[in-house]
Amino acid sequence: MALRGCHRLEVIFKRCIASPVLHSQAGNRRSSQLAIKGVDPNSNGNSGQYQQNGEHKEKGWRRLVRFFVPFSLGAAVSAAIIQREDFTPTIAASKMTGRRRDFNFIADVVAGCADSVVYIEIKDTRHFDYFSGQPITASNGSGFIIEQNGLILTNAHVVINKPHTMVQVRLSDGRTFPATIEDVDQTSDLATLRIQVNNLSVMRLGKSSTLRSGEWVVALGSPLALSNTVTAGVISSTQRASQELGLRNRDINYLQTDAAITFGNSGGPLVNLDGEAIGVNSMKVTAGISFAIPIDYVKVFLERAAEKRKKGSAYKTGYPVKRYMGITMLTLTPDILFELKSRSQNMPNNLTHGVLVWKVIVGSPAHSGGLQPGDIVTHINKKEIKNSSDVYDALADNSKTLDIVILRGVKQMHVTITPEDP
């Protein structure tokens with residue numbers, strides 16, 4: 001259709017340029033211009049200067065005709081073509097709507113459960129923004145509402161072990177509320193928050209025991225503080241033991257997925273196609289390898305927490321009393337090292353153990369000391385680090401500062417960190 005329109009324009013332009021009307025108009029205009037000067041247009045006397053000026057003006061007129069006529073006619077012809085012909089898409093709007101309705105199953109899942117996902121901010125009460133005067137954001141994460149009266153589920157590492165801070169929750173509609181930490185299980189990395197609001201949208205909890213490898217799942221949350229973010233993928237494994245991930249004191253078979261779980265996504269829901277939470281987003285090792293806590297394990301935590309609340313006390317296990325460094329880490333097991341080396345050429349071939357830093361809290365001692373996500377800790381105070389337990393032992397030591405040897409890509413570096421007392 002566009003080619004037909006261009007062909008019509010070309011034909012009309014040629015006819016216009018060859019038209020005697022335009023030439024006669026140009027001649028008449030030339031005569032009138034010479035007449036204004038008081039010169040006979042047919043005179044051949046000593047009027048060379050005027051004749052030269054006339055020829056110059058004639059050339060200028062022709063330039064104007066050649067320049068403006070095609071554009072004017074082009075606009076007119078284009079308008080005529082638009083009136084006569086429809087620029088319809090290849091697929092009719094009604095059919096497109098039907099296909100979108102039939103095949104956009106991810107959008108259907110999100111529409112049914114996104115209202116129950118919240119954005120969590122950890123505010124540093126010691127440092128304030130210069131312009132607004134409000135406490136700066138030290139960290140962020142995600143969570144989801146599990147009771148209409150304001151009970152929210154998230155990861156423990158999102159909200160605890162951060163001194164001099166307060167927790168704020170932003171709902172999907174933009175409203176923000178202060179939150180209190182109610183229940184904590186640091187061993188399983190689960191926690192609940194409470195905000196003083198009622199009649200909230202609640203996330204339905206599914207059954208992780210019925211999951212199969214290859215099932216579609218959707219991860220919702222706030223990666224890198226970008227709230228209301230949706231990523232999708234499949235379940236890569238339903239039985240990834242915590243021992244394979246080097247996580248101490250945890251007897252959990254994690255859900256492995258290739259749905260992107262990035263910093264800030266922690267604590268958000270991993271949802272099946274029925275819109276039910278079947279896991280809590282927990283950690284990412286590298287692109288395409290992320291892990292979530294199975295919802296069946298979460299239900300046990302919630303039941304114990306509810307029993308404690310009925311008795312008038314909060315459910316807190318493994319609550320930290322150690323010094324604070326401000327990182328989230330993962331032990332580099334042989335399986336994880338193999339995956340990292342296969343996906344990155346910057347991993348040293350002789351690296352056999354260490355701890356991967358996959359999140360650094362802004363404003364924390366680790367952040368001030370220069371640690372970055374992706375660094376691999378190999379030594380602390382000249383002691384070899386083989387797993388995350390060694391890092392906890394170093395924090396429990398009485399040393400005022402920690403001299404940490406890290407690998408950043410293929411480069412070995414030293415950073416010095418002064419942990420904060422609890």
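Even glycines carry a Cβ here, placed using N, Cα and C.
Residues annotated as transit peptide in Swiss-Prot: 1-17.
Taken from Swiss-Prot, the feature region 'Disordered' covers 33-55.
Taken from Swiss-Prot, the feature compositional bias 'Low complexity' applies to 42-53.
According to Swiss-Prot, the feature transmembrane segment maps to 64-82.
The region 'Serine protease' annotation in Swiss-Prot covers 139-302.
Among the features that Swiss-Prot reports, active site, charge relay system is placed at H157 (among others), with the record citing similarity to another entry. H157 (active site, charge relay system): 24 other CB atoms within 10 A of its CB, across all protein chains.
Feature annotation from Swiss-Prot assigns active site, charge relay system to D189 (among others); the stated evidence is similarity to another entry. In three-state terms derived from DSSP, D189 (active site, charge relay system) belongs to neither a helical nor a strand segment and is classed as coil.
In the three-state DSSP assignment, the secondary structure recorded for S266 (active site, charge relay system) is coil. On its own chain, S266 (active site, charge relay system) has G141, S142, T154, N155, H157, V158, G221, N281, S282, M283, T328, K359 as residues at least 6 apart in sequence with a Cβ closer than 8 Å to its own Cβ. Taken from Swiss-Prot, the feature active site, charge relay system covers S266 (among others).
Annotation comment: Swiss-Prot describes 325-410 as domain 'PDZ'. Helix first, then strand, then coil: DSSP counts for the domain 'PDZ' (325-410) stand at 24 helix, 25 strand, 37 coil.
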### Query
So what's the average pLDDT for the domain 'PDZ' (325-410)?
85
### Task
Determine the Cβ neighbour count for D189 (active site, charge relay system): the number of other Cβ atoms within 10 Å of its Cβ.
25
